[in-house]
Amino acid sequence: MAENEKVTYGGALPPSPSTADTEVAALARSMTNASRSSVYSPEKPDGTNPFLGTDDPRMDPLSGKFEPERWTKAILQLQSSDPEGYPHHTAAVSFSDLSVYGYGRPTDHQKTVGNYFLDIPGLARDILGRKGQRIDILRNFEGVIRESEMLVVLGRPGSGCTTLLKTIAGETHGFWITDNSHINYQGISFKRMHKQFRGEVIYNAENDVHFPNMTVGQTLRFAAEARTPRTRLPGVSRSQWAEHMKDVVMSIFGLTHTVNTKVGNDFVRGVSGGERKRVSIAEVALSGSPLQCWDNSTRGLDSATALEFVKSLRLSSKYAGATAVVAIYQASQAIYDLFDKVVVLYEGQQIYFGRADRAKQFFIDMGFECPPRQTTADFLTSLTNPGECLPRPGFEGRVPRTADEFAAAWRNSRDRQELLQEIERFNDEFPEDGEHLEKFKKARKLIQAKGSQSPYTLSTPMQIRLCLKRAWQRFMADTSNFLTSVIGNFILALIISSIFYNLPQNTLSFYSRGALLFFAILMNAFASSLEILQIYEQRPIVEKHKRMALYHPYADAIASVLCDLPGKVIASFAFNLVLYFMTNLRRTPGAFFTFYLFSLMCILVMSMIFRTIGATSKTISQAMAPSSVILLALVIFTGFTIPTRDMLGWSRWINYINPIGYAFESIMVNEFDGREYACGDFIPTGPGYTDVPATSRVCASAGAVFGSDVVEGAAYIATAYEYFPQHKWRNLGILFGFIAFFACTYLFATEFIAASKSKGEVLVFRRGHVPLKKEGASEDEEAGTGSTGTRTQEEPVDKDANIAGIQRQVATFHWEDVIYDIKIKGQPRRILDHVDGWVRPGTLTALMGASGAGKTTLLDTLANRVTMGVVEGKMQVDGHDRDSSFQRNTGYVQQQDLHLQTSTVREAMLFSARLRQPHTVPDAEKAAYVEEVIHLLEMQKYADAIVGVPGEGLNVEQRKRLTIGVELVAKPQLLLFLDEPTSGLDSQTAWSICTLLRKLANNGQAILCTIHQPSAMLFQSFDRLLLLQRGGQTVYFGDIGENSRTIIDYFEGQGADPCPHSANPAEWMLSVIGAAPGAVAKRDYYEAWRGSEAYRAVKEELRQMRENPKPISQESTDALRVYAAPFHVQLFHVTFRFYQQLYRTPSYIYSKIFLVAGSNLLIGFSFFNAHNTIQGLQNQMYSVFMGLTVFGNLVNQIMPHFVTQRSLYEVRERPSRAYSWVVFMLSNVLGELPWNTLAGVVLFFCWYYPVGMYRNAEVTHAVTERGGLMFLLIWQFMLFTSTFAHMLIAGVDSDVTGGNIASLLFSLTFLFCGVLAGPSGPNAFPRFWIFMYRLSPFTYLVEAMVSVGVANAPAFCSDIEVRHFEPPSGETCGQYLQQYMSVNDGSLANPNATADCQFCQQTTTNSFLTGIHSSYAHRWRNFGFLWVFILFNIGMAVFFYWLARVPKGSRVKKQK
């Protein structure tokens, strides 16, 4: 490789020029002079190039003995031989007077169907640039982080941590930096850094977005290749560099074993959540950016892995000069001690910036006390919670309390003066646009490929090649979509071809040939419609990689198009080959390949259009409704349903810009031009007309000439469609033009239009319930309530709230010898092994253990929530077995905070109280109890706030409190289970949740709570502990004791090493039993427990409870019911809640209304006031037919809502026995009813009157009856659509799968409804398919709507529909046709003429109805049939849900 003479450490770990330089120089000298005999000494690498292979296992990342520090020193030694050839670049940063602000409201009102349009003035203000109220997010920040330094950012959620990191990284979407703010990246200005050198300063969010079907190795290899430098170590190719760097980061982050495992996501099985987090970290590490901002990147990692992550940053800083800024919400002392500097944030203000080892003493000197065993990070963060910080004795009234007071104290401190001096020295050393900028540019230039433009490392062709390779890997990893597409297209082609099988070579096939080619071109055109969804799936990943400067988004777009091309060719060939030859289209090679060429061109044009729609819209819901109307317009104005001649003047332009129209014209010309078709039907014909001269009859087809037995194909398409042979190849050029235009718009949109970003969090209230004066904290993006322009301080936690009214529990729940076995891959596996314990009222019991020890499984088993496996053992309440009401009488707070997004806090709790408290309790009493719980949980300020989604609604802590509240208001009579209530929370929020649990326990609640590695202070909140080791084996059950003394004494008595005074007893205890990563137990503590005195005391206590049961109170049968509320009460509340949810989701309702209104207004005005000519009546039929096409979009709107409802029900509400599954299914159907009725009304007025069918009713004096029946039929169509959607999705996991099934079934019902082909006549499909014609609900709907719309009205012919012929000599036209007209409908314009007879084939619309197998007499029969279909859908929806998703009895085998 020519560009391979030299190499820098490049994107990976460039050497540092400051303190590390001296170290490296000395290191290099000592290594160079070292003797060969010492090559394996840990301090002295041997000078070999690890990229080219090495015998030293400590330098080989795949050896299992890899030492990153030794490897790093070896690279630096090699590079030190040519400092000019391997220049490095660093990006330290200083900032002063840094203030950040946004615009918005601290609270917002909830949008509903009723108030949606009241926000139009606000929208107008936004458009005019009036941004609303200014909100200060960060105020007057100052700091400096030099190269090789690490800064930890501490603060509660909402304090501004995320905003500070984003500001440093230049990701300022949604907020603004004040003009007087100054940021200096070591001599590079803020603007220049983020324009020219994007990717050198990067921000890593806590979300993990990757392509789920790619393996970990492929994902990281891609990142390594994208940042491979041009100058590398001698002899190292690009491929070797990328492969070795991938291996190195995988070894550092413990991912080597996952190299061939898919990354996965919530829907695709792959690596674990913690491993996925490490993949994200490794990907950023490979970018080698000199300044890295990490936002809560340790969330989801255990403490050992989090420590390894921070150690890897330390290594990068020490030897590469990298600068790291890290926000961590729960930092152990070991993690904190790795940082050089710390900044503490309090409500958007800086209250400390300086050395990490001085911060604690700074605040102690200020007058605060750090409790024993509290980590420094927790101590610093606790200062920002007035209810938690502790003044030292004598300092109670002198320490700062509010954010403003803390900020003032910091500004007046000596530490701050020293910081200002340091910033000044830094800025003097690195003036903007000075010497360091030139060094930085030079280093970047050496790294970049030749021809690459900053800020990307690779040139554009190299980026495209790399993205193409990745696209192929993604395709090979998941070929299911491709194979489904090919097989599905093949089967659909067989079905369509069988309907039009072997068309005759006469004029009777004209309509069928046109319909077949129309359907074929539409199937080709819409084959790429799912590409919109694909764009949204990969968009977050592409945008992330753009921020990391890995590649241009348009490079990925080009690669995606190229990779999809072979698949499109194969899938379309499978479809078109079968369809073309089975149906007897023109059988010549040239004709087939011309047909295929235009079909393929249509696919490519529409692919570009779909991609453009996806790339230009910011959200998927934004894309759906408008694109549906646009696509419908393309279908209507193709030229088949409305020939170009009949298109109304206002809409003719749509055909001119319609690529499908040009493709359709060319394949019609290809089929008909240059061919003659024998006439299949003459006028007149029949008895008495067999021997008439040729000039006295004419073929009943457009383009016919009297006197001829054949019709020229070119004449037919010219007359019927105004299509001309000379346009065929012209249209190909036009299609190429469309492809080029939409390819450009697609590439432009991918490069410049970003997906919508979330706002900073604000509370959302119902309109009329917004607090008049909202006081809150910061509007930082990671959490928190919204803020106003002025900040007021948060109230301290009320630790003594009145809780007297809360339900007290009196029963003790106890379990003995609980065993749980399941089969994994056919092999039995024990998850729980003889677990004993109890929970008494008024106690808080912690359930702890190693990851995989069975904590959640034990909770599920005790709560009677496991659905498979074998459970053994005794689980009793006061000595009695659990009854059918057990699940209803226990509260279970799950780890996931699942709530209905549109409910308010109060409504969510009322719903739980009404359905889970006994039915005999008056509603007023339930409401009063809810208010008590709201007060207890300190939720008064946001009781009327909408739950919402993260970003717009409750924050993490508020959601957790609501989850607990929903269970409390159910008045659980037995106990409360909690699964990881502090998981993912910052330390202060975790503390407030544990304080709340303590408060509940003090009030008599019995609580069993799993908790993962709590801090020493959190651990002390609990009374008792049940500790499990791997395999579900108990190693301790008993009291914790004051300062954990009891449990420490127990384990020390069993031979454990003494617990250090400063250690966290919870972490010490886990390491003792070998549950902490890397720890090994000295003995089997399960056996030690079984042989201990404490174990015998537990067994004795359990025996006493078992043998002395408390007397059972004489409960009513109501108390033992599975559900507290009767069926009708459940149905009322659940249906009302679902109706309310839809009312509060205006985007769903209005997109439904817009879809229905837009589509049908388009149809109505496209077929405006259709006349009762032959073509006009066809147009009226097509207006019904086209109206059915909204079916698919309506179904796809309903399904995702159902899946959301179902996940909430199945995960939280069904296990707690709130209401039955039948109620759930019926409420979903009934809740849609009002909105479907409204949509039906809109559809009726937007379609019925513009098309002009009411005029046919006027003639028959049945305006009211026919108009009313038409509305009822439309209403039935809406109900059928809704119930059909519920039937399909009821038993299916994914709305995507349900949508695919719906599309297939819709295509079949659409094909067999009798419009494109019928059961008899010239357009008849084979008799085999007659059953589909009778099964299709659209058969009856179309027949009823068309007959009600056009029956019993007079009809006539347009000029081109009149057939001309000569009567026999001596006869008038009337005499000649008298016999023919006696048995056939028709009229003569000139019955007395003796030449040029002008005959129209219809006088009444009923003859048209007869031709399409419709009858007005069947209208009420069809109306009844449609109700049968609707009721069948409802019944099958309930049945499928029961069959697929309702546990049948219980699959759990219970053994005593």
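Numbering starts at 1 and runs along the chain as displayed.
Placement of Cβ uses the backbone N, Cα and C atoms for every residue, glycine included.
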Statement: The residue range that Swiss-Prot labels transmembrane segment, out of 323-343, 701-721, 1184-1204, is 1184-1204
- prompt: Can we call the transmembrane segment (481-501) and the transmembrane segment (561-581) in contact, meaning three or more C-beta pairs below 8 angstroms at a sequence separation of 6+?
  reply: yes
Query: Do you know the mean pLDDT across the domain 'ABC transporter 2' (813-1056)?
result: 87
Fewest other Cβ within 10 angstroms of its own Cβ, chosen from the binding-site residues A850, G854, K855: A850
Field: Beyond the flanks of the transmembrane segment (515-535) by 6 or more, those residues with Cβ under 8 Å of it
entry: 481, 485, 489, 492, 496, 500, 503, 564, 568, 571-572, 575-576, 579, 583, 585, 598-600, 602-603, 606-607, 610-611, 613-615, 620, 623, 627, 631, 634-635, 638, 640-641, 660, 663-664, 667-668, 671, 1296, 1311, 1316-1317, 1323
Message: If you count every Cβ pair below 8 Å, which range out of 734-754, 1184-1204, 1269-1289, 1423-1443 shares the most with the transmembrane segment (1337-1357)?
response: 1269-1289
Message: Taking only same-chain residues 6+ apart in sequence, whose CB is under 8 Å from that of G849 (ATP binding site), what do you get?
response: K855, L1027, L1028, Q1029, R1030, L1070, A1075
Message: Under 8 Å between C-beta atoms and at least six apart in sequence, can you list the same-chain neighbours of G852 (ATP binding site), or say none if there are none?
response: R1030
Field: Segment proximity, the transmembrane segment (1148-1168) to the transmembrane segment (1269-1289), 3 or more C-beta pairs under 8 Å
entry: no
Query: With every protein chain in view, how many other Cβ atoms are within 10 Å of the Cβ of T856 (ATP binding site)?
result: 15
Message: Give the nonlocal contacts of the transmembrane segment (1148-1168) in its own chain as ranges (CB under 8 Å, at least six residues past its ends).
response: 113, 116, 621, 624-626, 628-629, 632-633, 636-637, 642, 647-648, 650-651, 1142, 1179-1180, 1182-1183, 1186-1187, 1189-1190, 1193-1194, 1197, 1201, 1235, 1238-1239, 1242-1243, 1246-1252
Query: Is the transmembrane segment (1233-1253) packed against any residues at least 6 beyond its ends, judged by a Cβ distance under 8 Å, and which are they?
result: 1139, 1142, 1149, 1152-1153, 1156-1157, 1160-1161, 1163-1165, 1167-1170, 1180, 1183, 1187, 1267, 1270-1271, 1274-1275, 1277-1279, 1281-1282, 1349-1350
